[in-house]
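As C-alpha cells, the structure follows; a few thoughts come after it.
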C-alpha cells in the first residue's frame, strides 16, 4: 500500500512566528508543487516595484531638467539678472585672488610676522566680513525704501571702488600693522555686496525657480573666481614681493572696478 504524505499545515499550537514560517515553507515547498507559483509571485512583485522605482527616477530627472530650463529662461530673459551674474563672477575673481595669494604676499614681505599675520587675518576675515555683510544689508534695505531697488546694486558698486583704496595701502605700505589695518577697512567696504545681490535675484525670479537659480549663480561665480588663482600661479615668479604684489594689484583692480561698472549697468536695467 502506497504511503501518501500528508500536506503540511500551520500548527495552531505554535507561535505566530512559527505559523508564518510554516506558511512560507508551504508556499515554496517542492512537495506541494507550488514552489514555481511562489517564486513567480515574488518575482512579479519585485518587477512591479522595480518598474515603479525606474518611473520615479525618470520623472524626478525630468522635473529637474524642466526646472533648470525654466530657471535658464528666466535668467537670460532678464538683462538685470544677467549683468548681476557677470558682475558677481568678476567680483569672485578678485576675492579668490586675495584669499589665495595675499597670505603669500605677507609671507614674502613680512617673513617675521607669519604667526601674527595668521591671527590678525582671522580677525579681519571674520569680524570685518561679518560687519560688512551686516552693514551692507542694513544700509541697502534702509535706502532702497527711501529711493528704490536700484540702491541694492549701486551701493555695492560704490563700495568696490572705495574698497580698492585700502587694498592699495595693503600692498604698498611698508608697515605691517598699517597694512593689516587697511585690510580690515577693505573688508568692511568691499564685502557688503553679497546679501543685496541675493535679495535682488530673489525679488526678480519667481519662487518656483529661486533655489536652482541661486545654485547656478553660485556655481558660475565660483567657476569664474577659480580662474584668478590659476592665472596668478602661472604669472608669479615664486620668489619676489614685486611679482605677487603686481599680480594682485592688477587682477584685484580689474575685479573691483570691472564689477562696479557692471553692477552700475545692472542698476540701469532694473524696473
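Using the three backbone atoms N, Cα and C, a Cβ is placed for every residue, glycine included.
All annotation found in TrEMBL is predicted automatically rather than curated by experts.
Since the structure is predicted, the reported quantities are computational estimates derived from the model, not experimental observations.
Among the features that TrEMBL reports, region 'Disordered' is placed at 1-27.
If you look up TrEMBL, you'll see 80-106 (among others) marked as transmembrane segment.
The feature transmembrane segment is assigned by TrEMBL to 118-139 (among others).
Residues or ranges marked as transmembrane segment by TrEMBL: 151-173 (among others).
The transmembrane segment annotation in TrEMBL covers 179-201 (among others).
The transmembrane segment annotation in TrEMBL covers 213-235 (among others).
The annotation transmembrane segment is assigned in TrEMBL to 247-266 (among others). Taking Cβ pairs closer than 8 Å, the transmembrane segment (247-266) reaches residues 80, 83-84, 86-88, 90-91, 93-95, 97-98, 101-102, 105, 153-154, 156-158, 160-161, 163-164, 167-168, 171, 190, 193, 228, 231-232, 235-236 in its own chain, all 6 or more past its ends.
The stretches the transmembrane segment (118-139) and the transmembrane segment (213-235) are not in mutual contact, being linked by fewer than three Cβ pairs under 8 Å (pairs 6 or more apart in sequence). Sequence-distant contacts of the transmembrane segment (151-173), counting only residues of its own chain at least 6 positions beyond either end whose CB sits under 8 Å from a CB of the stretch, comprise 84, 91, 98, 102, 105, 136, 139-140, 143-144, 179, 182-183, 185-186, 189-190, 192-193, 196-197, 199-200, 245, 248-249, 252-253, 256-257, 259-261, 263-264, 266-267, 270.
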